[in-house]
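Heads up, the thing below is written out as C-alpha cells.
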Amino acid sequence: MTKVYNFSAGPAVLPEAVLQEAAAEMLDYQGCGMSVMEMSHRSSAFKGIIDQAEKDLRDLVGIPENYRVLFLQGGGSTQFAMVPMNLMRGIAVGGADGSVGHADYIVTGTWSKKALAEAQRFGDARCIATSVDTNFDRVPDMANIQVNADADYVYICMNETVNGNVLRELPDTQGKPLVADMSSCFLSEPIDVERYGLIFAGAQKNVGPAGVTIVIVREDLIPEGDLPGVPTMMQYRTHADAGSLYNTPPCYAIYICGKVFKWLKSQGGLAGMQKTNQDKAALLYDYLDKSNLFRGFVRPQDRSLMNVTFTAGDELDAAFVAEAKARGFENLKGHRSVGGLRASIYNAMPVEGVQALVEFMREFEAHHSCSSQSI
Ligand SMILES: Cc1ncc(COP(=O)(O)O)c(C=O)c1O
C-alpha cells in the first residue's frame with residue numbers, strides 16, 4: 001500500500017483506526033448481513049447508528065439539552081442559505097407586512113464573503129467588519145465590533161479554510177444570536193455551545209466524509225410552524241421534528257462520523273485534541289517564522305491551527321508542490337482563488353506527518369537556497 005500524508009483541505013484525512021473499523025464492517029455490519037450502505041434508514045440498525053452518533057457528539061462537545069443536533073445534506077453552502085431563510089425574521093413572517101430581515105456579517109475570508117452574498121438574496125445582510133483590505137491576512141479586532149440593533153443574528157466563519165485565519169475571540173453580539181460556520185475547525189478544540197445560537201459544519205474536514213453537514217441549533221431559534229415560501233427541506237423545523245430522518249439522510253457519512261466521535265473520545269476528547277493540534281501547528285509555524293525561504297500569509301495571532309497558508313514565492317511554489325508530491329506529501333497547493341501553498345493539518349493528521357513535512361521543507365529550502373546562491 002502506498003502511504004502518503006494527505007494535507008487536503010477537504011475532503012480530508014480520516015483517522016486510520018476509523019477506516020480500518022469501517023473496512024472490517026463493510027460487508028456485514030454487526031451481524032446484519034449487509035453493509036451500512038445498503039441498510040434502510042428506517043431500520044433499527046440505522047436508528048442505533050444515528051442515535052449513538054448524536055449521543056457521542058453531545059457527550060464530546062457538551063451540547064446542552066436546549067440545543068438540537070441535525071444531520072443534514074447540502075454542505076456548508078446550503079447553510080449559507082438556510083441560515084437567513086430560517087433566522088431572518090422578515091422571512092419567518094413571510095414578509096407579509098413588507099418587512100425584511102436583517103443580519104450582520106463579519107467577513108474574514110472566502111467563505112464568510114460567500115455566506116454574506118447568499119444572505120443578501122434573502123434580506124438586508126450587511127458586512128459590519130472585514131479584513132478584506134489586507135487580503136484576509138488577519139481578522140478584525142473583535143473589541144471594535146458594532147452590532148446593529150435590528151440584526152436578527154450575527155454571523156462569523158470561525159476558521160477561514162482558504163485564507164488560514166481563525167477567530168480566537170468572539171464578538172459581543174449585544175444579545176443577538178451568534179451563527180458560526182465551523183466547517184474547518186469543528187471538534188478541533190472545546191466549544192462553549194451556549195455562546196452560539198447556531199453552529200454548522202460540513203463534515204468533510206475534521207469529522208467524516210463529504211455528504212453530511214452537522215447543525216447545532218438552539219431550540220428557540222428554530223421557527224415554529226411552516227415558513228411560507230421556504231422549501232420544506234430548507235426549514236430547520238422539518239429536520240428537527242423528524243430527528244434528521246424526514247427524508248433519506250446521508251447514512252454512511254453519519255456512520256463514519258459516529259466512529260470519528262468515538263475516536264475523538266479515545267484521544268482525550270476535545271481538550272486532548274486541542275493540545276495535539278496546538279503542538280502540530282507550532283511545529284509548522286515555528287519553522288515558517290525561522291525560514292528564509294517560506295513565509296506564512298497570516299499574522300501570528302490570527303493563524304489557524306487547521307489550515308496553514310504560506311508561500312515559497314511565486315517561482316518556487318509549483319516546484320514545491322511537485323517535489324512534495326513525489327515524496328508522498330499530497331495536496332499542498334493553495335486554494336485556486338488565492339494561490340500559494342496550504343497544509344491542512346486536521347485532527348486526523350498525525351504529528352509524524354507534520355514533522356515529516358517540516359523536514360522536507362528544510363531540505364527544500366537548503367536545496368533552493370544553495371541553487372540561488374550559486375546563480
Ligand atoms: C469554512 C467553510 N465553509 C463552507 C464551506 C463550503 O462547504 P461545502 O463545500 O460543503 O458546501 C467550506 C468548504 O471548503 C468551508 O471551508
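Backbone N, Cα and C define each Cβ position, glycine as well.
For reference, TrEMBL has these:
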- ARG42: L-glutamate binding site (BINDING)
- GLY76, SER77, TRP111, THR161, ASP181, GLN204, ASN247, THR248: pyridoxal 5'-phosphate binding site (BINDING)
- 4-357: domain 'Aminotransferase class V' (DOMAIN)
- LYS205: N6-(pyridoxal phosphate)lysine (MOD_RES)
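Where TrEMBL records a feature, it is marked here on the structure.
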residue : record                              : contacts (Cβ under 8 Å, 6+ apart)
ARG42   : L-glutamate binding site            : LEU245
GLY76   : pyridoxal 5'-phosphate binding site : TRP111, ASP181, SER183, PHE200, ALA201, GLY202, THR213
SER77   : pyridoxal 5'-phosphate binding site : LYS114, GLU118
THR161  : pyridoxal 5'-phosphate binding site : ALA9, GLY10, GLY109, THR110, TRP111, SER183, SER184, LYS205, MET306, ASN307, HIS335, SER344
GLN204  : pyridoxal 5'-phosphate binding site : GLY10, PRO11, ALA12, GLY75, ALA210, GLY211
ASN247  : pyridoxal 5'-phosphate binding site : MET233
THR248  : pyridoxal 5'-phosphate binding site : HIS41
Query = Can you list which of these binding-site residues (ARG42, THR161, ASP181, ASN247, THR248) have a Cβ closer than 6 Å to ligand 1?
reply = THR161, ASP181
Task = Could you tell me which three-state DSSP class ARG42 (L-glutamate binding site) falls into?
result = coil
Ask   = Just checking, which of ASP181, LYS205 (recorded positions) has the fewest C-beta atoms within 10 Å of its C-beta?
value = ASP181
Query = Roughly how wide, in whole Å, is the group GLY76, SER77, TRP111, THR161, ASP181, GLN204, ASN247, THR248 that binds pyridoxal 5'-phosphate, by largest Cα to Cα distance?
reply = 30
